[in-house]
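Record features (Swiss-Prot):
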- E175, R221, H450, R491: L-aspartate binding site (BINDING)
- R221, D222, E223, E484, G536, V537, D538, R539: ATP binding site (BINDING)
- 199-202: region 'Aspartate' (REGION)
- H33: site 'Important for tRNA non-discrimination' (SITE)
- G83: site 'Important for tRNA non-discrimination' (SITE)
Amino acid sequence: MHRYRTHTCGALRDSNIGETVRLSGWCHRIRDHGGVLFVDLRDHYGITQCVVDPDSKAFGLAEKLRSEWVVRMEGKVRRRPEGTDNAELPTGQVELYVADIEVLGPAAELPLPVFGEQEYPEDIRLKYRFLDLRREKLHQNIMTRGAIIDSMRRRMKEQGFFEFQTPILTASSPEGARDFLVPSRIHPGKFYALPQAPQQYKQLLMMSGFDRYFQIAPCFRDEDPRADRLPGEFYQLDVEMSFVEQEDVFAAMEPVITGVFEDFAKGKPVTKGWPRIPFAEALRKYGTDKPDLRNPIEMQDVSEHFRGSGFKVFARMLEDTKNQVWAIPAPGGGSRAFCDRMNSWAQGEGQPGLGYIMWREGGEGAGPLANNIGPERTAAIRTQLGTKEGDAAFFVAGDPEKFWKFAGLARTKVGEELNLIDKDRFALAWIVDFPMYEYNEDDKKVDFSHNPFSMPQGGLEALQTKDPLTIKAFQYDIACNGYEIASGGIRNHKPEAMVKAFEIAGYGEQEVVDRFGGMYRAFQYGAPPHGGMAAGVDRIVMLLCGTTNLREISLFPMNQQAMDLLMGAPSEATTKQLRELHIRTNLPNK
C-alpha cells in the first residue's frame with residue numbers, strides 16, 4: 001500500500017465499498033455528532049467524509065485534529081447510512097470508516113478560514129495566499145485558467161502555429177509604459193529591461209524566416225495602479241504571421257478565440273461571425289472603443305433637432321460646427337424618478353446634469369427639453385430614435401472629443417439600471433480602423449495612438465502627404481462584454497516608412513536606430529509583410545470565470561500598491577548587492 005494514499009479524496013465510489021484504503025489531505029471541516037467525529041478530508045481532487053467512532057484506536061488522535069491539519073487516514077470504505085447521501089459531492093454515497101490516523105502536518109491558528117467563501121480583507125488574503133488558494137472558488141478559478149491556456153495552445157497548433165520562447169532580459173523601448181529595469185553587473189551603469197511585450201522579437205522571428213508564431217508570454221509594465229490591470233505583470237497569447245493581410249489574421253484568430261470561449265462558456269451563447277466596427281463608429285454609437293454589445297442601446301446624433309430650437313443652451317452650442325448633441329435612448333426609462341436619478345448620477349460624475357425627454361401615453365413628450373423645443377421637434381426625435389410610450393432619452397452636448405467617454409458611461413449606466421444587458425452571453429466584435437496618431441495635450445505634440453509598429457493605411461504616401469491625425473492604421477482590437485481582450489495590427493515592414501512614422505511622432509532616425517537597432521537592421525535585409533495580435537489571457541480567464549477582479553484568477557498577485565505581501569517584494573537590496581552592481585540609491589525626501 002502506498003505510504004500516503006491509495007486513492008485521492010475525490011475518487012471513492014460505490015464500487016470501492018469494502019476496500020481498505022488510505023487517503024491524505026487537509027481537515028476541511030470537523031463535526032462531533034453524538035460523540036462520533038466526522039472529518040471532511042480534502043485534497044486537490046475533492047472531499048471524502050471520514051468517520052471516527054469512539055471505540056476506534058484513532059479516536060484519541062482524531063479529537064486533537066483542527067482545521068487545515070494535514071493527515072493520512074486509513075480505513076474501510078462503507079455505504080453511507082440511508083438518508084445521509086450528499087448529492088453535491090461525487091463521493092457523497094460513501095464514507096471512510098477510520099481505523100488509523102497519522103498527522104503529517106499540523107496547522108497554526110488560521111488567519112482566515114478555508115471552509116466557506118466569506119469575504120476577508122484583500123491584504124490578509126494576499127499575505128496568506130497559500131491558504132486563500134485552498135478555498136474552492138479560487139482553487140477552481142486557477143484550474144480553469146490552466147485549462148483555458150491548454151485550449152489556447154491546442155487551437156493555435158491546429159491553426160498551424162508553432163510555440164517559441166522569446167527573451168525576458170532585453171533592451172528598453174518606448175512602448176507606452178515605463179520599463180522595469182534590471183542592472184547589469186558585468187556592464188556597470190547599463191541596464192536590461194523586462195519586456196512590455198515580445199513585440200520586436202516576434203517581428204524579428206518573421207524576418208528570420210519563421211511563419212506562424214505564438215507563445216503565452218509574460219509582459220512587464222511599471223505602471224501606476226489601475227483597476228482593470230494587474231500591477232507589474234500580466235500574460236498574453238502573443239501571435240505573429242508572415243505574408244498576411246488584416247483579413248488573414250481575422251480568419252486565423254477568430255475561430256481560436258471563439259472556440260476557447262465556447263469551451264468554457266458553460267452553455268452561454270458566444271458570438272459567431274463577429275461584427276467589424278470602425279473605431280469612429282464605436283465611439284459614436286457606444287462612447288467607447290470596447291463596447292459591451294450585450295447592451296442594445298445605440299447613441300445617435302440628434303443635433304439637427306436642436307439647431308435653432310427653443311432650448312437655447314444646446315442651440316448656442318451648435319453655432320460652433322464642432323459641437324454636437326447625442327441622444328442616449330432609455331427603453332422603459334420614462335419615469336420622472338428614473339430621469340432624476342440619472343441626472344443626479346451625472347452630477348456625481350462631475351457633469352452639469354443630463355437633459356432628458358420622456359414619452360407619455362399617446363406619444364407626447366414631457367420634461368424641460370420637450371417643453372422648450374416643442375412637440376414637432378420632440379416627435380421628430382422620437383421617430384429618429386424609434387422610442388415608444390414609456391421610454392425616455394437622455395442628451396449630451398458639446399465637443400464629442402470631450403464628451404464621448406461620459407456619454408459611453410451614461411449608456412452603460414442606463415443599460416444597467418434598466419436591466420437591458422443580457423448577462424448570459426459573450427458578445428465579441430472586431431474594432432477596426434484605429435487612428436494612427438493622436439494629439440498629446442500634455443506634451444503638445446502628435447503621438448502614436450496605439451502600437452507604433454502598425455502599418456498606416458495608405459503606406460508611406462499617406463505619411464508623406466496626409467494630416468497625421470487623419471491617418472488610419474491597419475490596427476484592430478477584440479472587444480468582449482465591455483472589455484478589450486486583444487489588440488493587434490499589420491506591421492510596418494518597410495524601413496523608410498518606419499522611420500517616417502516615428503519622425504511624425506517626434507523621433508529622429510538616429511533615435512529609431514538606437515532604440516530599435518536590431519529590428520531596423522533586419523528591415524534592410526528583406527522583411528516580409530507580417531501582422532499579428534496579442535490577446536489578454538488574464539482578462540479572458542476573468543470573463544470566463546465570471547468575476548470582475550483579476551486577482552481572483554491569478555496565483556500570487558500583487559496588491560494595488562504593487563507590493564507582493566506574501567514574498568515581501570519589493571525589498572531593499574543589501575549593501576553588497578548594490579556594491580556589486582555599482583549602484584547608489586538616492587531616495588526622495590518623505
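Each Cβ is built from the backbone N, Cα and C atoms, and glycine gets one as well.
Within the model, the region 'Aspartate' (199-202) shows a mean pLDDT value of 94, rounded to a whole number. Taking Cβ-Cβ distances under 8 Å and a sequence separation of 6 or more, the neighbours of G536 (ATP binding site) in its chain are F234, Y235, Q236, E484, I485, A486. The two recorded residues, D538 (ATP binding site) and R491 (L-aspartate binding site), have Cα atoms 25 Å apart. Sequence-distant neighbours of R221 (L-aspartate binding site) (same chain, 6+ residues apart, CB-CB distance under 8 A): A177, R178, D179, F180, Q196, G232, E233, F234. Distance noted between the C-alpha atoms of H450 (L-aspartate binding site) and R539 (ATP binding site) is 19 Å. Residue counts for the region 'Aspartate' (199-202) under DSSP, split into helix (H, G, I), strand (E, B) and coil, are 4 helix, 0 strand, 0 coil. Counting other Cβ atoms within 10 Å of each Cβ, the binding-site residues R491, D538 show the lowest value at D538.
Taking H33, G83, R491 as the recorded positions under consideration, the smallest Cα distance to E223 (ATP binding site) is found for R491. Counting other C-beta atoms within 10 Å of each candidate's C-beta, the recorded positions H33, H450 are led by H450. DSSP classifies V537 (ATP binding site) as helix under the three-state reduction.
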